[in-house]
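Some notes on the structure that comes next.
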Amino acid sequence: MQWYFVAALLTVLTSSQGILTTLSQSNGEYKYDYATVPFLAEVFKLAVSSLLLWNECQKSPLPKMTTEWKTVALFPIPSVIYLIHNNVQFATLTYVDTSTYQIMGNLKIVTTGVLFRMFLGRRLSNLQWMAIVLLAVGTTTSQVRGCGETSCESLFSAPIQGYMLGVLSACLSALAGIYTEFLMKKNNDSLYWQNIQLYTFGTLFNMARLLVDDFRGGFENGPWWQRIFNGYTITTWLVVLNLGSTGLLVSWLMKHADNIVKVYSTSMAMLLTMLLSLFLFNFKPTLQLFLGIIICMMSLHMYFAPPNMLLDMPLTVKPDEEKLIEVSVDRRPHS
């Protein structure tokens, strides 16, 4: 399976994620406990990975599966990073508004490139660095509204704590992705075996979150396992299926491609969501949106296109011309 096919599928699924989540609301609010969605998505990913691993084990030779505790103990770390990241997100939103937070979230594009170089040792060309910066600029441009509006002015009026937490959030998000790629490529273990380890801990952490929410609420609505499917509709199940499927695609990209491909997929998904919203939710197009799309497309071409398509290569000199050059050099007066 080619990575660009998986990346394109991830873009489509990610773009539909926000739309499905919006459609799952009833009168502008959720009738179900939204915290159960990530938990069920983790269970779905764990079940699919287990089934695929079982199918792989029926073939010969058997897939490689490292069971050493030192290796298995590395897999809870991404869940811990995401847990810290989620708390930092809530803390950031106490200092900045939603639109400012979304714009600051584009920093993770650049921080991913930096950590990609620092921790994985992957070198990027100057053109690729320029492409990554252009991607961040393009996604930010598409989100900025008219500069006479309040939301634009609020971007520069937040407390310094908000900006510091925003940068920390971007770094944590990038670090989780980089560390996951490191785990996936650390050895030649079966992807499905690695997924099982990753999603087992993800399921446990999400279960712990549901329990903590129950304790904080004093079990007012009963334990989470008794109301886990309350308010669920077909659209809600599509949200769970979508979230689980995107997670499986991301893990495939981490194993067979890299974080930069994932970043481009999710960034293009955001722009695709905006375009789809024009038809589904009467979203009004802006000049910034179209400029952002153009910049992102330029970035996409700069990063993935072969160098000979981006640079004018020097013309090859014909043998006859070489002789003329030699003659002209010999005829120069000697001092």
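The backbone N, Cα and C atoms fix where each Cβ goes, glycine too.
Where the annotation comes from TrEMBL, it is an automatic prediction and has not been curated.
Residues or ranges marked as signal peptide by TrEMBL: 1-18. Tertiary proximity for the signal peptide (1-18) is limited to same-chain residues at least six positions away from its ends with a CB under 8 Å from its CB atoms, namely 239, 242-243, 245-246, 249-250, 252-253, 256-257, 261-262, 264-266, 268-270, 272-273, 276.
The feature transmembrane segment is assigned by TrEMBL to 127-144 (among others).
Counting only same-chain residues 6+ beyond the ends of the transmembrane segment (164-184), those with a CB under 8 A from a CB of the stretch are 74-75, 77-78, 81-82, 84-85, 88-89, 91-92, 95-96, 101, 104-105, 107-108, 110-112, 114-116, 119-120, 191, 194, 198, 251, 254-255, 258-259, 262-263. The annotation transmembrane segment is assigned in TrEMBL to 164-184 (among others).
Annotation source TrEMBL lists transmembrane segment at 196-212 (among others).
The transmembrane segment feature in TrEMBL is assigned to 232-254 (among others). Long-range contacts of the transmembrane segment (232-254) within the same chain, counting only residues at least 6 positions beyond its ends with a Cβ under 8 Å from a Cβ of the stretch, are 1, 3, 6-7, 9-10, 13-14, 16-17, 20-21, 23-24, 31-32, 37-38, 40-42, 44-45, 48-49, 177, 180-181, 183-185, 191, 194-195, 198-199, 261-262, 265.
The transmembrane segment feature in TrEMBL is assigned to 261-281 (among others).
Under the heading transmembrane segment, TrEMBL lists 287-305 (among others). Panel annotation: around the transmembrane segment (287-305), residues 127-128, 130-132, 134-135, 137-145, 260, 264, 267-268, 271, 274-275 of the same chain, lying at least six beyond its termini, place a Cβ under 8 Å from a Cβ of the stretch.
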